[in-house]
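Below is one structure, written out as structure tokens; the observations come after it.
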Amino acid sequence: MADDIKISIKNLYKIFGPTPDVALEHVKQGMNKADLLDQHNHVLGLRDINVDILDGKITVIMGLSGSGKSTLIRHLNRLIEPTAGEIQLNGEDVLELKEGQLRQLRREQMSMVFQKFALLPHKTVLENAGMALNIRGSSVADFESEAVKWLARVGLEGNENQFPHQLSGGMQQRVGIARALVSNSPVMLMDEAFSALDPLIRSDMQDLLLELQGELQKTIVFITHDLDEALKLSDHLVILKDGEVVQQGDPQDILLNPNDPYIVAFINDINRARVLRVRSVMNRTVDNDVDYAGDLLENDNLETVLSRSGGDLDKVFRVVRNGEAVGSLSMKELTLALVPTGEPTEETAA
Amino acid sequence: MATYDSLFSALGLKQWCAEGKADGPMSMADLLNKASGKSAEPESLWDLPFPSMDALNDSCAAFPKSRELTQGLEQGFLAIKDNLSLVLDPITQPLSWSLDGALYGMINTPWWIVIPIMLAVVFLVTKSWKLVVFVGASLCLLAFIDYYVYAMQTLAIIFVCAFLCVLFGVPIGIAMSRSNTMQRLTIPVLDMLQTLPPFVYLIPLIFLFSVTESKLYGIAIILYAIVPVVRLTNLGIRLVDKDVIEAADAFGMTPRQKLFKVQIPLALPNIMAGVNQTIMMSLAMVVIASLVSAPGLGVLVLRGIRNLDLGVGLIAGFGIVILAVILDRVTKASLARINASQNQ
């Protein structure tokens, strides 16, 4: 089943400082981040994180800088050791692993893509792409065909013998993605992978990632501070603030029912018509008597529907999935869903 | 009596002082004072001597003089010297062999083999014809004025010593970069080696080894010149981009893979800068080491000073400058090649 839990994070705490165990007690008793820093000189990294990462899906962890998102992703392959809590991969506790087993896990189970690319500057693009296999002991001749294949897949055909500094930022990150793909690991960790790129290239890279994901069905954990990017990529969205999970779930759901002023502030600037999809705002009843203006797919976004309607607010559309009618959407409902805060929608619902 | 008499009586040490009383030989100053009929006691507060070892000895004969400190050090050193040589001699013997071997080889191979080989090496590491021509012309000039043998001796010593500096210095630097404790322990030693006047190195070495052995100057040169390569290796590895190290960890590199595939290659520009400095410092020391029988251009400089042989001294100095320029240009050019392949 596609909804298997790949990675499960339970009650994860991270506190930075000389005696994190002592500080942990205070945190568990409810001390907040600022007080902990003032009174005990410890920095609260993460507080009581519980996230399930589903197999074959893109889980996006979003938050502003300092929210602990990069700290969180580094716990998954234990680049950072937690203060307390549990991390399970395929039901096995990652924290129990010995050094050799952990290395095995990093080599075969998880690959990582970095914000600053982190390519080896003295190696060619080909050697960089094959780094994971090289670490496992393959020579260039062994990994060449694999590396060339994935480099071509990310659009870097013919660049194999260049050095990273000869490539643009976007191309360097393509090498970073190829490197992660060549390792053939089921889990990919992407730490602000596209944040250092300019907007157009970033959008290209997002498309590339979605396209690859359509083919490969990897379990991807993606870190970003950009809500647009988060909404575009995520199957499951986790919003972090000051080291705590504020809300997590289906991104459409979060957009329609934000449960925190922090998130409301975040989503105010979003182009809702482009992000919201028909399935999240439709009525789940199909009335056969109504004269429908046409059929919509449930994953169409509202912008498509708006252009289909030609601006006519009286139209009602039928929503179909695999040729079967699953609901309806009136243009009235659609317009209401476009009002940009969480609160008014709740009032209309009440 | 003397100024600090009252101090010792106040402490109740009169007895102890008296026991140390001996009519040993007086110091020159005492004799002069006696001759001129002056008493050792100062007349006013203005002349109050610092309570130094010698001043206290005036008041209390049992108190050691400062001369006894230096003598004690010397005697202590002489006492352990034999045992120390027993250990150090065999360990350092290969140094003598390699220095003698290099000197023998460089001098006894005909010039028309040595010079082309050197030029080939220069081309190999720099890929620059300009430098090859420059080095060739400089060597030929030195040979033309009959300084060829001296220059080759100097070069042979530098090659051996700089090679050994790198051989030991790079691993020490790597160890320092991996452990902060190691770094804390090593830095004072490096500081001392760097600031100790070069002549001072020679003093204990002369006692430990025979002046006829080449390892005597070999050790002095290595101790003096090893510092930059150690420091810059440590620095270079510590400066390697944290993101790249993190990526290496994230992809499951072992510490060994990380060292050889990431840290050393990325630290190479700094390590090579250290090698350049090490070679230059070996050259500086090989001149001073001529005091303890190191052959080469330094001997001529020394002759220039001792015999007031102005021409010989100046020309030898000029030869050293030429060697310095050659070594510096060649190592810098190879450093630039490494940099060029790594620039981001």
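Placed from the backbone N, Cα and C atoms, the Cβ positions cover glycine too.
TrEMBL annotations: computationally assigned, not manually curated.
Features as listed in TrEMBL:
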type     : residues  : note
TRANSMEM : B:102-124 : transmembrane segment
TRANSMEM : B:131-150 : transmembrane segment
DOMAIN   : B:151-331 : domain 'ABC transmembrane type-1'
TRANSMEM : B:156-177 : transmembrane segment
TRANSMEM : B:189-210 : transmembrane segment
TRANSMEM : B:216-233 : transmembrane segment
TRANSMEM : B:279-302 : transmembrane segment
TRANSMEM : B:308-327 : transmembrane segment
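Between the transmembrane segment (B:308-327) and the stretches B:102-124, B:131-150, B:156-177, B:189-210, B:216-233, it is B:131-150 that has the most C-beta pairs under 8 angstroms. Outside the transmembrane segment (B:102-124), and at least 6 residues removed from its termini, the chain residues within Cβ reach (under 8 Å) are 131-132, 135-136, 139-140, 143, 148-149, 152-153, 155-157, 159-160, 214, 295, 330.
Long-range Cβ contacts of the transmembrane segment (B:131-150) within its own chain (Cβ-Cβ under 8 Å, at least 6 residues beyond either end) map to 107, 111, 115, 118-119, 122-123, 295-297, 299-300, 315-316, 319, 322, 325-326, 329-330, 333.
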